[in-house]
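Database features (Swiss-Prot):
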TRANSMEM  16-36  transmembrane segment
TRANSMEM  61-81  transmembrane segment
TRANSMEM  115-135  transmembrane segment
TRANSMEM  170-190  transmembrane segment
TRANSMEM  214-234  transmembrane segment
TRANSMEM  263-283  transmembrane segment
TRANSMEM  291-311  transmembrane segment
REGION    902-940  region 'Disordered'
COMPBIAS  903-914  compositional bias 'Low complexity'
COMPBIAS  915-938  compositional bias 'Pro residues'
């Protein structure tokens, strides 16, 4: 019986069932992608970046189609070639009774076209899907330009390595895949149709027909030719070789003098091998390509592996410093350029580490001390929550932020936070879908607290009578209530927050808002009022098509049937500020710490964006991200880069979600390429509002990376670099229970030239595997000097204590140790940010706030940290000893270290959010045992006059600080001292 007789046609009903099943499977696979694609299209339209979505989609589709067609066409050609050149006996079906593949041959022969196309598509589709993810590489190749800098080995512009070479490697990889699959499929097809047979004779184990030999030789020769091209491109990849890591990245002596020549030799051998395969077509002798292949493999082992290893072992290692010095010099220059830590951005200044003058005599030091930050944003989240939460469904992030504001002409740094909606804190009936997504939709207000003072000093911190209303932030609240009352310190026109970090922690994070006029508001605003969203943000869900799409996206039928959704309703989603920026600018890497700011009366999130590249020749490899440990305890791999620029500052409006990208680096070639890919998406620097620019901070992730690199790359001499003797280390965090590196700190310090307050990101550095202080880094955030990094270098034989030594000295002090013993009985102690402050014309002042929190066994108790003490450490000039100050206030601690008078320039506790109190505004400290009796109090008129003169003297001193005139400043300081003496003589309270 013929095969066609054995095969019966399927009934029509069965065919329909098969088609329906296939359609349902396709719908299940493709349907969710279509839903997400459609809702994303709506979202990109809402934020005004639909062109980005379209460009990415079109690029992906073109890549998918091109690679699928390329791989599929080559495979198709291989199958057709093998099928059409099959032996006649296979075509006629003769003498196949004992052929083991006869059954399969018959099946394929019935529908050769279907099988050919099917196999080609089946194998090509996965590679097409994989290729579409490389859209960034293709777009950078099409739009990339020159860096204006050439590499030290080949003399090519850096743009070749960043923009062009990755694309060439991508093309080569696709060709490799296509040819290799074609070779395998051609081999299989020839075997199926008899072009290749297991021979029964003793002379030949395998019989290969001439057409099969020709086809296999062509594809094998092509594959080897591609390998030759790969060897050629591998020469350029040596410029980021990891052979010498961790010493340095890039081609070393062995790479340049052994591996590079070996690559050229391998190119020549591979070309000869490819020619040998092509020659086998005419010569009809497979021994030639076989010997060529053996030569290629043997050469790869000897020339590519053993020879470089011998050079490394017997020539380089015995003379490593001499051999590697020229290449280390290349690495130093390239790394500095790639990470923006070269002499064009970094200023070095030798610094003795020992003070030579009194801080009171230096205007910049007076500014630094007056603005010494006592509030720690990593400690105060629960304090903010307990004192400013208002409702259980509001919340603050675990780590607050630091920014600065000019209030009444005075620049002050503030601990800032947005009072966001916390959906995960909803409880009971609040978690019902209708409440969670249509009633509790937004946060309320911007909270700020001056970072250099608290409301009052805590005196008897260890006693049971410790004040419950002391040691807490002084809040400046800009919310709905303060807006109505008209008493906002930082004016906010729209205090409602629909987009934020805490809001986005919910999954899903969407809210359905808005409604037609005349319909009663539904959203919770205050206890006495509801609200209807009127912003431009959100995707309309009034139509049934959109409601169905979002119901499918979130798997929520209530979106379809809820009566709370009307014709004017909108759905707000993608509410995380950093995620919104990453969506509209997928080519950016965002900083891990967005922060809120009030700009133009609106609350906006400021997000730092980085452009990166992975293959900058000779540049050291680094990572912007902190190490991440998963649930199993394994450290996850981090994205490695070798070029970084903080070229974009983005803002996200907290009310309507508007995303705006601003260019802040006009010399970044990577950003220039992306601006060509997505024209009009990034605003020029001239479009940045002055008020917004005043809130730009030097980004923390970039500073951490640069700090790690500067620990090594401050060294100029390659031989000294090789020995590592002059390296620095990032100090361990002495205040953290789990160890780790000390984080950088934002501080407001006095500018050495003008004495005006300057907002900077700072970090101490210690010697390599030592604990003594070696350097002090500070990055400017002020608009006029933004991005410059100052480095104070201490002598290599310095005995100035580093952060951990200082911490140990302070907590070992007898006063501290004795009180700590009492405190730990009923309190938890938090040692907050240990600030390193250069003062006294060469000295280092350490300031560390100490917070306490009452221990309690009561469930859900409302205890939270309060500032209890201030620790101060300073190296004494001359003797080199360390002076420790420990007191309820910074002023008292400074007076213990520097003597009476220095504390007068510190900011006292109390006052309101805009105005600190006069220097005498602190409660009196209890007299020490055995002290002489206090003098009789002065008259009220004398004390009033003394306070008035003291305030006038302080005002005069602040004015003198801003003039930069040292003579005027000295006179103002003398007047202040006289006023202090008069005030004390009149019975005023000392610090």
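Glycine residues also receive a Cβ, built from the backbone N, Cα and C atoms like all the rest.
If you look at the compositional bias 'Low complexity' (903-914), the same-chain residues 6 or more away from its ends with a CB under 8 A from one of its CBs are 359-360, 366, 369-372, 407-408, 448-450, 452-457, 474-476, 489, 889-895, 920-922, 957, 976-977, 980, 991. Against the transmembrane segment (61-81), stretch 214-234 has more CB pairs under 8 A than any other of 214-234, 263-283, 291-311.
With DSSP states grouped into helix (H, G, I), strand (E, B) and coil, the compositional bias 'Low complexity' (903-914) comes out at 3 helix, 0 strand, 9 coil. Count of Cβ pairs under 8 Å against the transmembrane segment (170-190): among 16-36, 214-234, 263-283, the largest is for 214-234. Counting residues 6+ beyond its ends, the transmembrane segment (214-234) has Cβ neighbours under 8 Å at 78, 81-82, 85, 165, 168-169, 172, 175-176, 179-180, 182-183, 186-187, 190, 208, 263, 266-267, 270-271, 273-278, 280-281, 289, 293, 296 in the same chain. Within its own chain, the transmembrane segment (263-283) has Cβ neighbours under 8 Å at 213-214, 217-218, 220-222, 224-225, 227-228, 231-232, 234-235, 238, 289, 291-293, 295-296, 299-300, 303-304, counting only residues six or more beyond its boundaries.
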